[in-house]
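Student: Dropping the structure in here first, questions after.
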Amino acid sequence: MGAAPDFSHFVRNDEDGRSRLDLAIDGITCAACLPDIETAMRRLPGVKLARLNLTSHRLALTYDPQQVEPGRFTGALEAIGYRAYPYEQRQVEADEQARFNLLLKCLGVAVFAAMNIMLLSISVWSGQSTSLPPETRDFFHFVSALIALPAAAYAGQPFFSSAWAAIRQRRLNMDVPITIGVTLALGLSVYETQHHADHAYFDSAIMLLAFLLAGRVLDQAMRRRTKTAAGNLAALKGENALRRDGAEWVLVPVAALAAGDRLLVRAGERVPADGVIVEGASALDESAITGETDPKPAQAGDNVYAGTVNGEGALTVDVTAAGHSALIDEAARLIEQAGAARSKYMQLSDRVSQFYAPAVHLTALVTGLSWWLFFGATAHDALVIAISVLIITCPCALALAVPTVQAMASGAFFRSGLFLNDARGLEKLGEIDAVVFDKTGTLTLPQPGIANADAIPADLLELAGRLARSSHHPLALALARSLRGGAPLPDARETAGQGVAAPYEGFEARLGSASFCDAEFLAAEAEVSAIYVRAGEKVARLDIRQSLRPDAAKIVAHLRAEKLDLHILSGDRPEAVAPVADQLGIADWRGGQKPADKIAFVERLKAQGKKVLMVGDGLNDAPALAAAHASISPIDAVHLTQAQADAVFLGEKLLPVAAAQAIARRARALMTQNLTFAILYNAVAVPVAMAGQASPLFAAAAMSGSSILVTLNALRLRGPGKRVTLLAKS
């Protein structure tokens, strides 16, 4: 045995004392492997969560390091026939490429052999009606054997090795019936050739392998393309960074960076870690994170994120988060989490696949014995029928029906700028028929400027900026961006929907609504949002002008065309909400809504039978988001990991909301179609095979064709996202 892997660089420790570790799993062949792996992990003491992504073969573990060592995970997986090692992007990609190359080689050999054997088989079939001499027929069978046996031995490697590993561990997977079917077909064909029989089934065995390999190559290509989204994010940080070491700048690996390091990012380079600019000014390309293609101005005091491109001047950056704590890694984690989500369709597919393989073997055995013992068939004919049943009932289509669609949906969400934050988010988003929008920071974007800044004392402006840095409300975030400088006040407390307060120079300073700051409400212009600041007896109102998100009107029109009920609930003044509602054509709107009012409104819609999507600030609207059937939050990059919604998006556009509804609804339909087709296929094909009306060749073509069909159907999911994107660009 080799040396145990070093997990120290891959374990991430949470503040609650738990640890997280991602493992790459080698040997997964189908959905039936998933419960075996997750169950084996949950049996270990201290394991709090074990979630496997069938697309990336990535196992996410959360555990108590006081109760279990990481080495026990790999040992437990090896005991049930899987190889596991720490998930490192480049190593995983290299291993996947090697496996994909092997699949392509096997497919090439199988197709070459199948084409040549089919030429010989056609000659035999046609010769049966034209009195082909037995010697010639036997010669064709012999040549077919010379081609088929070595070709099957090579092309069947992916199936044979997987089946043998499963059998050694006394379990079944999807490759076991395939291996048994191919082996029996080849063995029977050799026997028939030796005994000068009219028929041999070399063509069936090789065609089965060719069809299966074609389906597996297609499936792997689709999954790799989907998985590339998360992989590309992690790779955007680059490999090296310039770090200050004494008086010099030293080139170090990105993996060696830590919070507190000072970096130099030159023009044209990618930012290697999250941080704050301490010197320099530039324009940053944040398209990798937010999807926004326009450069964003940046200067001292601004946050920068790993993966963004420094477009102009050199920047000196103090690192605030590096390694797996960077925003880009959290985004990749959410993509990975979406791929591992368990909708009710996925759970159904998992349960059926788990028990289907034993049922396949039992059905084939009972069918063969019944024909032999009760219906007068010879042992030869009964074996042929059993082989056909074994092949035609292979659970490929059923196992692929849901995971392929989910893999495509995960990639489509990412391309649309959306990150799923809940395992059932895909399912819930596909069921919505009503949308409730918050206004501030959701339909509108706070301008990074204060309209009346010149009329406010400098000390109150500074205090407002420091309080704003302790709040998560969109208006406070805009205020913090505008009033750079000043550290957050210690011991700050935020009251959802009201404001933030903190001890300051012997009194309590407050920032928020007029009532929260004990201030007299002063009327403001309709398009202005007001936020108040109090320091002792001094009170001021800060006017922040807002504008609609650039694509809000188009996206709202699209949602209305989809027959969704639209509503606006805002804590802002009714006179500030009315112009926004008029611009967007949303008739049902309410202003001055407190968190409890929003919850009550959502509950009323639910009582009417509506499936409500709440789109609002993921922190201040958390109660309403939790009350809704599904929820989406536009969220600042700093708070991505704190979001409480089912899904979150970054950037200035509202496109992800429309894309979420379109993609989820389409995914739900495709999952239903695939499951329905897989069930109907088995309902029709199994009785036909059991009745002896399907030859092994027909069974191979039918089974493989069904698998390819559900995979191709899943590829249709790319359509909705593209249509919504074109809408936003129009």
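Every residue gets a Cβ built from N, Cα and C, even glycine.
Features from TrEMBL:
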- 19-85: domain 'HMA' (DOMAIN)
- 102-127: transmembrane segment (TRANSMEM)
- 139-160: transmembrane segment (TRANSMEM)
- 172-193: transmembrane segment (TRANSMEM)
- 199-218: transmembrane segment (TRANSMEM)
- 355-377: transmembrane segment (TRANSMEM)
- 383-405: transmembrane segment (TRANSMEM)
- 675-691: transmembrane segment (TRANSMEM)
- 697-715: transmembrane segment (TRANSMEM)
Student: Answer yes if the transmembrane segment (697-715) and the transmembrane segment (199-218) have at least three CB pairs under 8 Å among residue pairs 6 or more apart in sequence, and no otherwise.
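Tutor: Result for the transmembrane segment (697-715) with the transmembrane segment (199-218) is yes.
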Student: Can we call the transmembrane segment (102-127) and the transmembrane segment (199-218) in contact, meaning three or more C-beta pairs below 8 angstroms at a sequence separation of 6+?
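Tutor: The transmembrane segment (199-218) and the transmembrane segment (102-127): touching, yes.
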Student: Which sequence positions outside the transmembrane segment (675-691), separated from its termini by at least 6 residues, show Cβ-Cβ distances below 8 Å to it?
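Tutor: Same-chain contacts beyond the ends: 345, 348-349, 363, 367, 385, 388-389, 392-393, 397-398, 401-402, 699, 702-703, 706, 709-710, 713.
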Student: Would you kindly check 139-160, 172-193, 355-377 and say which stretch has the most C-beta pairs under 8 angstroms to the transmembrane segment (383-405)?
Tutor: 355-377
Student: Can you name the far-off residues of the same chain, 6+ from the ends of the transmembrane segment (355-377), with a Cβ under 8 Å from a Cβ of it?
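Tutor: For the transmembrane segment (355-377), the list is 32, 172-174, 176-177, 180, 383, 385-387, 389-390, 393-395, 398-399, 686, 689-690, 692.
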Student: Checking distant contacts: for the transmembrane segment (139-160), what same-chain residues at least six beyond its ends satisfy Cβ-Cβ under 8 A?
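Tutor: For the transmembrane segment (139-160), the nonlocal Cβ contacts are 102-103, 106-107, 109-110, 112-113, 116-117, 120-121, 123-124, 175, 178-179, 182, 186, 189-190, 192-193, 200, 202-203, 205-206, 209-210, 212-213, 216.
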Student: Please give the sequence-distant neighbours of the transmembrane segment (172-193): residues at least 6 beyond its ends with Cβ less than 8 Å from one of its Cβ atoms.
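Tutor: Residues 29-30, 32-33, 138, 141-142, 144-145, 148-149, 152, 156, 158-160, 162-164, 166, 199-202, 204-205, 208-209, 212, 353, 357-358, 360-361, 364, 380, 383-384, 386-387, 390-391, 393-396, 399, 696 contact the transmembrane segment (172-193) from elsewhere in the chain.
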Student: Can you work out which residues elsewhere in the same chain, 6+ from the ends of the transmembrane segment (199-218), have a Cβ less than 8 Å from its Cβ atoms?
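Tutor: Distant Cβ neighbours of the transmembrane segment (199-218) are 100, 103-104, 106-107, 110-111, 113-114, 117-118, 121, 141, 144-145, 147-148, 151-152, 155-156, 158-159, 178, 181-182, 185-186, 188-189, 192-193, 384, 387, 391, 396, 695-697, 699-701, 703-705, 707-708, 711-712.
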